[in-house]
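Shown next, in structure tokens, is the structure this report addresses.
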Amino acid sequence: MAAPWEDVLRDGPAIREAAAVAVDAALLQGVLMRTEGQPNDSDVVNFAPFTLLPSAVPSALFEQAYAVQQDFNMLVDAISQNKEFLEHTLASTIKVDDFTARLFRIHTQVLEEGLAQSVFLGINRSDYMFDSGVDGTPALKQIEINTIAASFGGLTSRTVAVHGQVLKVLGKPQEASRLLPNNPSRGLALGIAKAWELYGSPSAVVMFLVEEVQRNIFDQRCVENELWNRNIPVIRRRFRDVFEKGSLDEAKRLYMDGKEVAVVYYREGYVPSNYSEQNWEARLLLERSRAVKCPDIATQLAGTKKVQQELSRPGTLERLLPGHAEAVTRIRATFAGLYSLDMGAEGDKVAAMAIADPDRFVLKPQREGGGNNLYGEELRQVLEKIRDSPQRTSYILMDKIKPRPALNYLLRAHSPLQVSECVSELGIFGVYVRQGSELVLNEAAGHLLRTKAVEHADGGVAAGVAVLDTPFLV
């Protein structure tokens with residue numbers, strides 16, 4: 001997967017000039033993050049980390065990833081409506097993982113009360129790597145699907161112009177013209193706008209539920225501005241604001257500061273550290289409301305690693321998507337090997353297999369947000385410690401995907417300019433809206449390419465490991 005600029009990678013003066021241009025272009029285009037020192041203050045900002053050059057991506061695999069996204073949207077939606085499947089799949093996990101258990105308890109309570117919500121909005125991102133395989137032929141393999149707070153749809157829409165400028169400065173205008181336009185923030189806003197419209201109250205607002213620390217605010221503002229451009233009002237609130245000021249009326253309409261809320265778009269709530277007891281109460285209030293939650297709690301549970309592993313079992317996809325044989329085939333083609341660590345003979349065998357050859361696998365807990373997975377010696381040590389304990393059921397085991405590295409420069413504020421061996425991860429954003437039982441919108445909404453140095457096994461852009469990138473199709 002060689003990109004057509006290996007000739008310039010070793011040209012020090014040209015690279016230094018291009019890097020200076022790239023940083024200014026990123027600032028001009030708004031590829032921005034707040035600083036670690038002042039994460040809630042826009043007085044001081046810096047460019048979000050990104051690659052100097054766009055990375056080569058096989059066009060056939062890129063097209064495959066786009067082609068399967070509507071299938072994954074349909075699958076996530078089907079799982080979220082299947083209480084029995086979620087209950088059966090997560091039974092062992094909720095015994096040992098308190099976070100998943102608390103989400104599931106809210107899910108159960110809301111169903112017992114009767115769902116007030118009738119419009120459902122899903123914004124997800126399916127992430128892949130290009131496995132080089134035994135014979136070196138690259139294959140598209142899914143890492144995970146994110147069903148809550150899938151980020152960087154805003155900033156990634158602005159990196160194309162930056163990389164186009166860099167290629168022109170390096171004397172490659174033809175290659176610059178081949179970069180694909182990409183605007184996920186518009187696609188995400190389209191889904192939110194449709195849900196807002198179907199909610200049916202023109203004076204109601206969209207509420208972004210945001211973290212206490214908001215370094216990545218500009219990514220969210222991209223989506224927010226798309227909504228304001230459609231004259232849809234947006235407010236930003238935290239869990240504690242909901243706890244202190246949120247209320248439901250007798251029809252379970254949600255109100256914040258006197259404003260009716262049509263859509264709650266979660267950009268937080270995906271890891272245990274997001275929750276205090278007050279925040280759990282706020283989450284329950286939101287889930288009990290008529291407002292469209294993105295995601296509702298069932299859809300968040302559909303994105304757990306345990307569900308991902310269960311989907312790989314023979315017959316599971318067919319049961320969840322009856323009558324959709326072609327979609328099942330497309331989805332299954334993207335799966336890497338996934339293994340259960342449930343208690344019993346099967347789990348014992350899987351644990352022993354991973355301990356014997358830890359470099360073949362990744363050990364994944366039920367967590368989002370990057371930086372949680374275990375590899376190599378650390379994987380072996382953890383599994384040896386918990387191999388006979390029910391604690392092991394809070395993890396799944398997955399075949400380690402082995403992409404072929406390529407050289408690039410990773411640009412970070414206050415970091416030296418040096419070439420790195422890198423691997424990339426492709427994410428496809430999906431948006432769907434369901435009203436009652438009818439899927440009224442189901443689309444792929446753009447892509448995100450993230451790249452990191454090979455020495456970093458795990459972690460995304462927000463975790464400080466990967467950087468933003470643009471695909472160059474080869």
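Using the three backbone atoms N, Cα and C, a Cβ is placed for every residue, glycine included.
Per TrEMBL, the feature substrate binding site maps to ARG125, 148-151, 214-216, GLN220, 267-270, ARG450, 461-462. Residues or ranges marked as Mg(2+) binding site in TrEMBL: GLU144, ASN146, GLU368. Positions annotated as ATP binding site by TrEMBL: GLU144, LYS305, 364-373, TYR375, 398-401, GLU425, LYS452, ASP458. Residues annotated as domain 'Glutathione synthase substrate-binding' in TrEMBL: 204-302.
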Near GLU144 (Mg(2+) binding site) in space, meaning Cα within 10 angstroms, which of the binding-site residues do we find among ARG125, SER151, TYR270, LYS400, LYS452?
ARG125
List the Cα distance (Å, whole number) between SER151 (substrate binding site) and LYS452 (ATP binding site).
17
Nearest to TYR270 (substrate binding site) by C-alpha distance, among the binding-site residues ASN146, PRO365, TYR375, LYS400, LYS452, is ASN146
Those residues of the chain, 6+ apart, with a Cβ under 8 Å from that of GLU268 (substrate binding site)
ALA149, LEU209, VAL210, GLU211, ARG238, PHE239, ASN274
Measure from the Cα of TYR375 (ATP binding site) to the Cα of every one of the binding-site residues ARG125, ARG215, GLN220, then give the nearest.
ARG125
Return the single residue from the binding-site residues list (SER151, GLN220) that has the minimum number of other CB atoms within 10 Å.
SER151
Closest of ASN146, ARG215, GLN220 to LYS400 (ATP binding site), Cα positions, binding-site residues only:
ASN146
Inter-residue Cα distance where the pair is ARG125 (substrate binding site) and ASN146 (Mg(2+) binding site), in Å:
5
Cβ neighbour count (10 Å, all chains) around ASN146 (Mg(2+) binding site) is 22
Is it possible to get the count of other C-beta atoms within 10 angstroms of the C-beta of GLU144 (Mg(2+) binding site)?
19
Counting across all protein chains, other CB atoms within 10 angstroms of the CB of PRO365 (ATP binding site) number 18
Residue among binding-site residues TYR270, TYR375 with least C-beta crowding, 10 angstrom cut-off:
TYR375
In whole Å, how far is LYS452 (ATP binding site) from GLN220 (substrate binding site) when you measure between their Cα atoms?
23
Helix, strand, coil residue numbers for the domain 'Glutathione synthase substrate-binding' (204-302) per DSSP?
41 helix, 26 strand, 32 coil
